[in-house]
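Below is one structure, written out as structure tokens, with a few remarks after it.
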């Protein structure tokens, strides 16, 4: 059996689809927790932890039954990451160039989900992780490498591009193509959550990418602080507290949208 045939057969497995839907649900939970921390930071509510995946996972670990929930997060994100790997194999475009572009997009999603699953696994097994420190460490290693400044700039611009794509997808409602959107008020509500969520995540990712670029041009890896630092940096902008609060609410909306996607995603 060819790789495409094997991937197609695996994708038709009901259990595999259930795992992918679980992945969307737990991804939504993480974004909801990140959004809550960001909103509390903006409103002076004393948000605890980091406004990123590590902070969200740490919050889960410290809650009653957190260890069990963390294992559910691991299984869900692993399932969703593997689903995206299968999508990488099956992706097709109108020509060879677009096929490879589609595959690169699906592979990027797979890597992101599997990386978060690995972080969740560390928490589930009693360990911990600091996304900001890891991001700064990666930036420092890149800056020390030959051509590292250019590499870090390229990485930052790539993250900015992903952020712009998220914002565009939200503003144009293209995310609806991923769903079997129900009719009526429920469908309109899911669409509203998707618009707010995708735009907010786009803003957050653009901020992350900009900090990578700043870290590169200033040769200061401590400036590349990942999502938590990017969200906190928004507060330093004109009307930044309001921007951070709105972004936090948007990330909460994205989390709720992901919960709806777990039910209505086209798989």
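Glycine is treated like the rest: Cβ placed from N, Cα and C.
Your range for transmembrane segment, going by TrEMBL and the list 68-86, 87-105, is 68-86. As stated in TrEMBL, the feature transmembrane segment covers range 107-125 out of the listed 107-125, 126-144. Looking at 25-48, 145-168, the stretch flagged in TrEMBL as transmembrane segment turns out to be 145-168. Long-range contacts of the transmembrane segment (234-257) within the same chain: residues 28-43, 51, 175, 190, 192-194, 196-201, 203-204, 207, each at least 6 residues beyond the stretch ends and with a Cβ under 8 Å from a Cβ of the stretch. Remote same-chain partners of the transmembrane segment (189-214), defined as residues 6 or more beyond its termini with a Cβ less than 8 Å from a stretch Cβ, comprise 31, 35, 139, 152-153, 155-171, 173, 175-176, 179, 181-182, 220, 223-227, 229-231, 233-234, 243, 246-251, 253-258, 260, 264. DSSP states for the domain 'DUF1206' (108-172), grouped as helix (H, G, I), strand (E, B) and coil, give 55 helix, 0 strand, 10 coil. A mean pLDDT of 89 is what the model gives for the domain 'DUF1206' (196-264). Counted with DSSP, the domain 'DUF1206' (22-89) comes out as 55 helix, 0 strand, 13 coil.
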